[in-house]
Amino acid sequence: MEKPSPTRRQTSSLSTISNGMTMTNDNRDTTNTNSGSTSSNNSQPSSSSTPPAASGPVTDRTKVNYVPKSDDPSSFQYYPDDPENPVNKYKFALKADSQYYDPCEESSKLSFQCLERNDYDRSKCQEYFDAYRECKKQWLTARRKNRQQWE
């Protein structure tokens, strides 16, 4: 007996997929028709006058404080992470001994994204690398000052 060629198998599976998709489209059309008739028969007042509750991060640029209102440039922070955050201390304490924990993970991701955007030209992403280094320095100095909090 002769085995069927791979093209025959592919063709038969494609026809099954296209039939399945056609059936799905038919079901969607039926569902849309039913839901349309249901909503037109429904005469209850809608509560669209109430705005939905705001959830998630603040997206309005005018409400975000990028730089603190201080004249001292040493208080400026040029990276999104806060390595001295109690959450970072907790996560660091929970990790296994052989695991690595990076409290400056967001800065690290930003530097990698910059490299990917700029065809891995390191000179264009130097600011991101500097921000990551500053974050790591802050974390290491905080760990050295209060060793017991980080263990």
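The backbone N, Cα and C atoms fix where each Cβ goes, glycine too.
Out of Cys104, Cys114, the record in Swiss-Prot bonds Cys125 through a disulfide to Cys114. Which of 71-81, 104-114 counts as motif 'Cx9C motif 1' depends on Swiss-Prot, and there it is 104-114. Classification of Cys104 (disulfide bond) by DSSP places it in coil, neither helical nor stranded.
Using a 10 Å Cβ-Cβ cutoff, Cys125 (disulfide bond) registers 20 neighbours. In the three-state DSSP reading, Cys114 (disulfide bond) counts as helix. In this structure, the C-alpha atom of Cys125 (disulfide bond) lies 16 angstrom from that of Cys135 (disulfide bond). Around Cys114 (disulfide bond), the C-beta neighbours below 8 angstroms that are at least 6 residues distant in the chain are Lys124, Cys125, Tyr128. For Cys104 (disulfide bond), other Cβ atoms within 10 Å of its Cβ number 24.
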